[in-house]
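Have a look at the structure below before the remarks.
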Amino acid sequence: MSDAPTSPKKIPSASVPGDPPSGRVRRGLSRPVAFASIAAVFVLFMAASSAPSPLYVIYQHEWSFSATTLTTVFAVYVVGMIGALLVLGALSDHIGRRPVLASAIALEAAAMALFIVADDVSILLTARFVQGVATGAAMTTLGATLVDLNPPHAPHRAGVITGAAPTFGLGLGALGCGVLAEYGPHPTRLVYVLLLAALVLAGLLVALTPETAHRRPGAVRSLQPRLGVAPRLRTDLMALVPILVASWALGGLYLSLGPSVAANLFGLSSHVIGGLVVTLLCVPASITAFALRGWPTERTLALAATLLLLGTAVGLGGVQANSLTMAASGTAIAGVGFGGSALASFGTLARIAEPAERGELFAVAFVISYLAFSIPAVAAGIAATNVGLHETAVVYSAAVIAFSALALAAQRLRTGRARNTGQCCRPATAHH
């Protein structure tokens, strides 16, 4: 959900535009159409990843499992994604973009089939894990392919799409699934049937997309995950940890327990509302990634931390006052902060690192982000089961507020230091 290179293991190398790896011209999609097609596939993967969120309430009601189990279903997706990002992050650099994308689409289709036949929690857990692996494998390669196909006359377009597509897809998937679950037949199956059909079309588009990466040796060696940060970069990375934790932990709460909060605390049983909860966070984040792409990273980070703090506080006030208007307003405000933090955090990391350092630096940043995305959500599920959803929402929101305040303080200190060294005020898209 960020304006960031999508491989945490290694930034995939982009081949020269118009230079097919084999030296031959393939028949298929033109480069502009291929670029648009890959962007659409990116949105599709992210929409599929959020589609189960509005259905968690239905699963929970039909199968009578706890909030702990619900958030575990959410967390196994993240575990699969992290594993795929770390292990498969550089594979497309060695065997080509299309084979990795085709495999990811096939795996995603298998996950959709599992969702369709799921009749207990064990199959649901398996489906989410498989989906996480497929999404992780796809994210890194989709981002690299967009860079490869980026139009020369619009050098930042791939970066904007990479930043906006994830959150736009998350919001679209949650809202679309909510509408289908509320008004369509077979609420726990219809959305997956439609996604499966869309994946077939995605496979066709990928097959017609020109290959942009040269095959080269080292594919097996590239599967070995590595994590590390150069000593000179550790201070800057640590300054970004609070905002990474605050923003991604908030996102994890909304995608796992958000629909349950709407149903149980505000009495909103409509599945459309369950999807809208996620959309209210993700769509502002997507718009922000586009709107603030030319802002200096330091300014964007400060604004993002402020809006995360303010939005979460307003949302917490809405929970305490049982005010749906306050809760919705707070969610939208926090969504702007979420988008700004992702855009500027990864933009900062790309700017301060040398090309040879970026892969491992992004690996660490992605692991921090996705752990913050999943572990607090699981803890919230356990707490909701034992002490109640209202109390859990209050404590969780307070923790996000605290990390947002810490992020704001850390950013002010970092900006002051950067000004002294003449390294501040770079655009958020500097890494593209």
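The backbone N, Cα and C atoms fix where each Cβ goes, and this holds for glycine too.
Quick look at what TrEMBL annotates:
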type     : residues : note
REGION   : 1-25     : region 'Disordered'
TRANSMEM : 33-51    : transmembrane segment
DOMAIN   : 33-416   : domain 'Major facilitator superfamily (MFS) profile'
TRANSMEM : 63-88    : transmembrane segment
TRANSMEM : 100-117  : transmembrane segment
TRANSMEM : 129-147  : transmembrane segment
TRANSMEM : 159-184  : transmembrane segment
TRANSMEM : 190-208  : transmembrane segment
TRANSMEM : 237-257  : transmembrane segment
TRANSMEM : 269-292  : transmembrane segment
TRANSMEM : 301-321  : transmembrane segment
TRANSMEM : 327-349  : transmembrane segment
TRANSMEM : 361-387  : transmembrane segment
TRANSMEM : 393-410  : transmembrane segment
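Spatially, the transmembrane segment (361-387) is adjacent to the transmembrane segment (63-88); three or more Cβ-Cβ distances between them are under 8 Å for residues at least 6 apart in sequence. Along the domain 'Major facilitator superfamily (MFS) profile' (33-416), the predicted structure has mean pLDDT 88. The stretches the transmembrane segment (129-147) and the transmembrane segment (33-51) are in mutual contact, each linked to the other by at least three Cβ pairs under 8 Å (pairs 6 or more apart in sequence). In this chain, the transmembrane segment (100-117) lies close to the transmembrane segment (190-208): three or more C-beta pairs between them fall below 8 angstroms, excluding pairs fewer than 6 positions apart. Beyond the ends of the transmembrane segment (269-292), by six or more residues, the same chain brings 1-3, 50, 53-55, 57-58, 160, 163-168, 170-172, 174-179, 181-182, 187, 250-251, 254-255, 258-259, 261-263, 300, 303, 328, 331-336, 338-340, 342-344, 428 to within a C-beta distance below 8 angstroms of the stretch.
Counting Cβ pairs under 8 Å to the transmembrane segment (237-257), the top-ranked stretch among 33-51, 63-88, 159-184, 190-208 is 63-88.
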